[in-house]
Amino acid sequence: MTILLVLVAVLLGFQIIGPLIGFFIALPFYPGTFLDMSEAIKDPLGHPEMKVPLFIMQGCATFFGLIVVPVILVRILRSRDYTVGLFTGPIFPQTALITIALIFAFTGVNSIFIEWNQNITFPDGIEQTLKSLEDLLRKQTEFLTKFDSTGQLILAVVVVSILPGIGEELVFRGIIQREFYRATRNIHVSIWVAAAIFSAIHMQFYGFVPRMLLGALFGYLYYWSGSLTMAMLAHLFNNGMMVLALYFYQKGALDIDVESTEAAPWHIVASCTLATGALCFLFWKYYRDRGLGQAPPEDDPATAH
């Protein structure tokens, strides 16, 4: 029941409460009246002046939908201290560096699943619907990530990297993963179910599998370290790396197109797979050798065996 209520609260906060608050905050940044912006928001892709207001609205949607509303709800449903234990684990520079390297390596591994997922075929009616939704989301993303200034880049890093890195990990790993463990007492089931929900809620089926795998990686980082901070670091670095790579690609300073759905060459995938396995082992061993992460109090469902 808690999981369902949290998901409903997230949808309300993300789709209604956050954007509504963001609309009024964004008004001073729109070169027009309240009514003008109300009309422009119906077709934002046809109004370039809506880019900054859209960033503000999306940022508010994430802040209220994935941080404020869920935290208030679980403090009411569970306890006022529910979120306190999420960040109690120590942070080590060594594991922070391992986490960053791991995201680099896993990007190469995940490229196989990105290409495979993009090439899945369905019956015509279903495939047309899914591709139409995918194209709409792709156009919206392209609109927001075609940077006209350094200020827009900074805004994108905050809205696309930092806020989701905090909010999505708080909801999907810090709350949903914990609640599934409370129900199943199986940490691996909890990690993978939470990762599947995390991917599904993005409504991008042709990216479902790679996003689920990424979510599972975040879940294991949380489990192994005992601190949500490491999962947040991995998430915001992954998103931030993509935003910066896209910016430099647009400027001609980078040859790699991060929006490509083609798999990396096999020798790179093989190297990245070995590196991912080795880095995961080092991360897990670092915390295990110090008696951290996987052996917290029994009542902490996020990281118990």
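Placed from the backbone N, Cα and C atoms, the Cβ positions cover glycine too.
What TrEMBL says about a protein is an automatic prediction, not a curated fact.
Quick look at what TrEMBL annotates:
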type     : residues : note
DOMAIN   : 152-241  : domain 'CAAX prenyl protease 2/Lysostaphin resistance protein A-like'
TRANSMEM : 54-74    : transmembrane segment
TRANSMEM : 95-114   : transmembrane segment
TRANSMEM : 153-175  : transmembrane segment
TRANSMEM : 187-209  : transmembrane segment
TRANSMEM : 221-248  : transmembrane segment
TRANSMEM : 268-287  : transmembrane segment
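Each of 95-114, 187-209, 221-248 was scored by its Cβ pairs under 8 Å to the transmembrane segment (153-175), and the highest score goes to 221-248. Counted over residue pairs 6 or more apart, the CB atoms of the transmembrane segment (268-287) and the transmembrane segment (187-209) come under 8 Å in fewer than three pairs, which marks the two as apart.
For the domain 'CAAX prenyl protease 2/Lysostaphin resistance protein A-like' (152-241), the model gives a mean pLDDT of 95. In the domain 'CAAX prenyl protease 2/Lysostaphin resistance protein A-like' (152-241), the DSSP tally of helix, strand and coil residues is 82 helix, 0 strand, 8 coil.
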